[in-house]
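What Swiss-Prot annotates here:
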type: DOMAIN; residues: 5-354; note: domain 'Kinesin motor'
type: REGION; residues: 270-350; note: region 'Interaction with KIFBP'
type: COILED; residues: 365-386; note: coiled coil
type: COILED; residues: 470-502; note: coiled coil
type: DOMAIN; residues: 556-612; note: domain 'FHA'
type: MOD_RES; residues: T647; note: phosphothreonine
type: MOD_RES; residues: T652; note: phosphothreonine
type: COILED; residues: 668-737; note: coiled coil
type: COILED; residues: 841-869; note: coiled coil
type: MOD_RES; residues: S1054; note: phosphoserine
type: MOD_RES; residues: S1057; note: phosphoserine
type: MOD_RES; residues: T1075; note: phosphothreonine
type: MOD_RES; residues: S1416; note: phosphoserine
type: MOD_RES; residues: S1454; note: phosphoserine
type: MOD_RES; residues: S1487; note: phosphoserine
type: MOD_RES; residues: S1573; note: phosphoserine
type: MOD_RES; residues: S1603; note: phosphoserine
type: MOD_RES; residues: S1610; note: phosphoserine
type: MOD_RES; residues: S1613; note: phosphoserine
type: DOMAIN; residues: 1702-1799; note: domain 'PH'
Amino acid sequence: MSGASVKVAVRVRPFNSRETSKESKCIIQMQGNSTSIINPKNPKEAPKSFSFDYSYWSHTSPEDPCFASQNRVYNDIGKEMLLHAFEGYNVCIFAYGQTGAGKSYTMMGKQEESQAGIIPQLCEELFEKINDNCNEEMSYSVEVSYMEIYCERVRDLLNPKNKGNLRVREHPLLGPYVEDLSKLAVTSYTDIADLMDAGNKARTVAATNMNETSSRSHAVFTIVFTQKKHDNETNLSTEKVSKISLVDLAGSERADSTGAKGTRLKEGANINKSLTTLGKVISALAEVDNCTSKSKKKKKTDFIPYRDSVLTWLLRENLGGNSRTAMVAALSPADINYDETLSTLRYADRAKQIKCNAVINEDPNAKLVRELKEEVTRLKDLLRAQGLGDIIDIDPLIDDYSGSGSKYLKDFQNNKHRYLLASENQRPGHFSTASMGSLTSSPSSCSLSSQVGLTSVTSIQERIMSTPGGEEAIERLKESEKIIAELNETWEEKLRKTEAIRMEREALLAEMGVAIREDGGTLGVFSPKKTPHLVNLNEDPLMSECLLYYIKDGITRVGQADAERRQDIVLSGAHIKEEHCIFRSERSNSGEVIVTLEPCERSETYVNGKRVSQPVQLRSGNRIIMGKNHVFRFNHPEQARAEREKTPSAETPSEPVDWTFAQRELLEKQGIDMKQEMEKRLQEMEILYKKEKEEADLLLEQQRLDYESKLQALQKQVETRSLAAETTEEEEEEEEVPWTQHEFELAQWAFRKWKSHQFTSLRDLLWGNAVYLKEANAISVELKKKVQFQFVLLTDTLYSPLPPELLPTEMEKTHEDRPFPRTVVAVEVQDLKNGATHYWSLEKLKQRLDLMREMYDRAGEMASSAQDESETTVTGSDPFYDRFHWFKLVGSSPIFHGCVNERLADRTPSPTFSTADSDITELADEQQDEMEDFDDEAFVDDAGSDAGTEEGSDLFSDGHDPFYDRSPWFILVGRAFVYLSNLLYPVPLIHRVAIVSEKGEVRGFLRVAVQAIAADEEAPDYGSGIRQSGTAKISFDNEYFNQSDFSSVAMTRSGLSLEELRIVEGQGQSSEVITPPEEISRINDLDLKSSTLLDGKMVMEGFSEEIGNHLKLGSAFTFRVTVLQASGILPEYADIFCQFNFLHRHDEAFSTEPLKNNGRGSPLAFYHVQNIAVEITESFVDYIKTKPIVFEVFGHYQQHPLHLQGQELNSPPQPCRRFFPPPMPLSKPVPATKLNTMSKTSLGQSMSKYDLLVWFEISELEPTGEYIPAVVDHTAGLPCQGTFLLHQGIQRRITVTIIHEKGSELHWKDVRELVVGRIRNKPEVDEAAVDAILSLNIISAKYLKSSHNSSRTFYRFEAVWDSSLHNSLLLNRVTPYGEKIYMTLSAYLELDHCIQPAVITKDVCMVFYSRDAKISPPRSLRSLFGSGYSKSPDSNRVTGIYELSLCKMSDTGSPGMQRRRRKILDTSVAYVRGEENLAGWRPRGDSLILEHQWELEKLELLHEVEKTRHFLLLRERLGDSIPKSLSDSLSPSLSSGTLSTSTSISSQISTTTFESAITPSESSGYDSGDIESLVDREKELATKCLQLLTHTFNREFSQVHGSVSDCKLSDISPIGRDPSESSFSSATLTPSSTCPSLVDSRSNSLDQKTPEANSRASSPCPEFEQFQIVPAVETPYLARAGKNEFLNLVPDIEEIRPSSVVSKKGYLHFKEPLYSNWAKHFVVVRRPYVFIYNSDKDPVERGIINLSTAQVEYSEDQQAMVKTPNTFAVCTKHRGVLLQALNDKDMNDWLYAFNPLLAGTIRSKLSRRCPSQSKY
């Protein structure tokens, strides 16, 4: 029967009086063995269910069929436990629950026989079974002990001699036991009942004297049940000993629920310590049992804390040991006790998982005899089964065996103590009392007490005391003597000892004044019939009426035992005087006994709640309180009997006269009303709080006024000084020398460029109008309009020409006032109901918003009519909707940026912008009759009119129905552009051009043929599908072109100056691109010369040699444009048609017939032929040389919402999809507590930048006294992330290490403060939450020593973190499964020469485990990282990447600065009624500008591709004989700037402009006539690159011994250009050959580099220190700046979140200049950073390289120089390092990951080599 689980039963009691008075509700439900509890605070929450062995419903009355009585509880639990006891097992029953839950009632019950508890019934049945035994061989003995555990002290309740606290000892064989605990022999149930009563009396007396209650102490009643059996065959006696432990645990109440204070609170803490330890033991045992099946090996964590409390120490065998254990959990059904009841249920649920390994406690000899008998029986059965039963009785072997067996058993009996000791040594902790009893039969075991004399014992003690450790030895000797003396006692001696103790106990009680029965005993329940007496009352019902004191005739004195005169009733405790009071019992004349109470002087005596100082006559039932703790009820039997006879109907008290009644009566009579006292105290606290709050508010208001006055004074000073400075500047400007023409040109160029930037203005528009957008969306959602509004940026290009209504009024001017394509902020209106998209201007949005508000106000009145109309129409009198498009634009091709955009916009505006009178609408009107079979209507008209009527279409213009715009049925699919330069020669060309949408998406392809023809030539026969029109005559007027400024210079890239590039803002404004005055001069000169090309006949003179005879001025010329096919158009568009026109024409375009688009992949065959006749003019020649024809493709939208009956979209608008993933939220710094509030200083120019690599560690205190870094879980696999796995309740420290490159500007001075706060269980920060901010104590801050050659700085500081000071439950408890705790940490660090501290902020993720839990990384992590990093503290850290910028303070007096700092309120945060319905939708912000910039760059690239394709097609047709001038005008994309290594399109365009301006003769492309000059140029560039490679390479890497031809760098490289902007030739060989760390000649350009270009990447960590940095030869800002200027630096630290996209990862070999060996490291490229690890198993970032500031170099000469293949170099400002890949392919992949443009350039160069020289 070993391995059985603990039996667990729960029992719910009825409501008590307190719960009934509070009208409590029952929250416990039971069904079978399942128990459920309902949370009264959250009734909707599902009930928590628990399953136990027994669930007893005792909440109702016994009449309930489900009611569980005392007998049922005993029959289920008590009988089973008693049966186990007779079998020889140890048995334990303990009750648990809060105070008043019914534990004692279940265990002890009441005096009524039907309500007896488990203990009385078990004891009674025990003796019934003993008495019913008829086996003469069996004999029984029962011994009991009764002890109390209070505040970790043990008291003997049965022996009055043991007045002190007993010691708990542990014996190697017996285990834990209580020294000197009385073990009394009993022979009947009456003896046990008397001993229980005696123990309760002793417990009551002690508790009353010490102001205790039984509910605050643990009581353990132990019965040692011994069964002896005499075996007649062997003449041996065997024993089975069972120990029955009956435990009544203390209440598990919480301090706040019982109102405990002071001493009571301390006592409760000690009691809860025992219960807490018991809970730990139960949890540990349950966990061990659960893990047994998984792993049989005992772990170090399988420690059971038995010794943490006396209770668990003594009950060790009963909890998971050699015992059969049952637990009864008592529950309160009331909702006010929900927390305690739930805790009890969880306690019991854990207990049922414990398994006990119980064994039968019998002697080894008895076990051996039994096993031998079983073996003999088995052998006899076997012989009989084999047919040899007749020889069993006569076989001599068997007789000999039997004889030898008996002999052996006798020998074992004589020496059984040896076998016993050997057996117990093999099985420690399972020693039985019966086995110890067998020790007495051995002579050797008795020698210590009987055969050894006193002298020998004394000599032994002296010898032991003289040796080291003698005291311990003598203690163990005495302990053994006591045990042996106890075991040697016979049964008769034990009975005599029990009787003597009983006499002493009763004498002691009698001496104390406790009443004596007629038989002389004080025990048992009795009530005197005549004598007046006092009965004690106690808070514990079991202690009430337990003590009875007689009031004898005459005087009965009450006082302390040490009084001068003997006291009849002895009391002790606080406030009891030596002579406290006197009871006088006198008989009156009538024979009635009158008892009078006379209090002594200064004694506290109360009668019925009133303090008495004079004699008082007592009546039966009076309550008497002596001192503070002794409460009695006076009983006068005769007086009570007489009163009942006089008044039979006397009223009985409405409630029992108990201890609670007496205490409440005392408070009432003393005038103490607890409720009033609490209310009075609460009012006092409220008054005090209001007073202090008023004082604080007054002080705060006074301080605010003081600060405001100071700020106003300072502001006046600043304004006065700024005004004076501006006046001085103006005066100085007037006195300056007048500008020269060149200076005016430079100023004009700069002003035009500055004027073209719009970033700030666009942002102001987005911020300022966000509130209108939000309000429009909110009204749309509330009115269920299914219309969404969002910001969009539109640029006036040929892809998306803007109609006049979207242009602001100030932009509608001539081209001279607006020379650049402008970007406007518009509103994208998505009509989800009609499937249309419109674009409104901001003014139109505001106008419509007024109408929306009016409609919203009239929504109730229009509800009925609007509902009908909205179901039958798709448009109507609704400001939300514009007319939707039936044909949609698919795509378009790129175009130039001149004013033609505006002309094209006026001629053929995009359908999405078109008005009701647009050309596209007219086209739809013309084709309406032909498409009547397709649809009945050509337009969707307003709701209030008939379809297609003029009235309905004019509603908006007339103002009757201003809510709808008419939209065409055809939607623009896209645009394509075809150039006509082949007409110059003439040669026919067939173009396949991309159809590109306004967003830059390719929507299909269009095949167009352009050729020159004779005037009378007929169109070819294309088949039945041909659609042919006649010859159209078009004029190209020179005057018109001049007025319209359609010049070739304005439309060609070669003639554009820098400011005429398309710029939103920041484009072309890169800090790395600096245009020196010489370059500007050249550009302006070229621009001025080009601007005169149209004057006179310069155009024709310049191109006269290249134009054929067919293009003579004034002659007629005819050419043909054939629209062949369209392919790749999405099937959602039907009825596709195409129209085309010239850029300058405003009349009707040339259009094809619509074709059905079945979407099967077959091209749409238009085969539309259009002959065009023109008169040749200079404008026409210029047009065909530089300008295209625009083709617009339109389509019909198949999935029309009328066919789908509208879209039922009731969800709020969602945020639009972005082009890049949104950045992770970054927490704001935690405010400092010791520093003054830092103002957000306006930052000026950044002087230098540093990349910081920061390590965060949390260390915990280990048992060794050292702080070890806590384990970090890196399973997420992303950089700069990790979860700290911490222990609960352990001291911690936070360590932060900052790593960066050395720099003279950056020096950490001190750590001003480290603050932590924002404790939460989710990553997002709740700004509204009020959280305590904790400032940590900095214990160390210092620089760490690194290697001698290290160019990195390591700064580390450490702080003490006590998480309990946060007073946060999240930090104090064990984190539930699946939950994580987040905390924000901010470090304020002081830097030299900075006016304010720098702030490093990090969000830390943590999980808390129990204090004793063994934490290790997850299994998958260990298998992934291996043993090297899963166990090393080196991996227990979380990294962070930061960018530190040291900036100047901004110039407050500059008007430009004041303009840029103008305060534009971000209205997106303003509340709008109904915005809560938008479900997270937000207006677009600054990111929209960047996305639009990307769109423009994408369109620019598409445009360049189309132009290049046309140029290559024409060159192929002409056989590479295309003139140079035409290549200049048509193909700037093939100039040297195309292969530049610049990273943005703007810098590419700038480079192209510079190259064409400086060396216009060198950008001629691949003309066969210039091969020789090209070869010479290549030779010159190769010489330059060779000189750069050999002369400027770092001296640390190699020493160059070869000689190179002497050529000056100034003669080759462009002067004053930024080194990062290299020419075509240099980019081909060494794109970044001017890297500062690898070029010695970089000093020529240092002063021209911006500070942003000087920022660099941080170096790796100390773990691979060989990653050194080579300092650059550069003058730092510290040396260049003045002292006062340098002190004005402001640090700005921004956390960088690495990208989750991995470009490449793998191993690379690193070599530093100062090291001779190569080091292998694992590298991961997450642009723009390169992360360096020690290996692929390393979870911690050891170093980073910022690719945005680093330069990558590669050349074959470099590899030959270092004599190592597959190498390339990476250099930053302070470092240069060589990297080696595995092979050529791997190196090429790494180069592509590091610098894609460089890799592409190298591939392009190598592909042009001959195959014999190709390496790839």
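Just so it is clear, glycine is given a Cβ too, placed from its N, Cα and C backbone atoms.
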Model confidence over the coiled coil (668-737), averaged pLDDT: 78
Surrounding CB atoms that lie within 10 Å of the CB of S1416 (phosphoserine), all protein chains: 13
Distance, S1416 (phosphoserine) to S1487 (phosphoserine) (CA atoms, angstrom): 43
Neighbouring C-beta atoms (10 Å sphere around the C-beta of S1487 (phosphoserine)): 14
Residue counts (helix, strand, coil, in that order) that DSSP gives for the domain 'FHA' (556-612): 0 helix, 27 strand, 30 coil
DSSP-derived class (H/G/I helix, E/B strand, else coil) of S1416 (phosphoserine): coil
Three-state composition of the domain 'PH' (1702-1799), taking helix and strand from DSSP: 22 helix, 38 strand, 38 coil
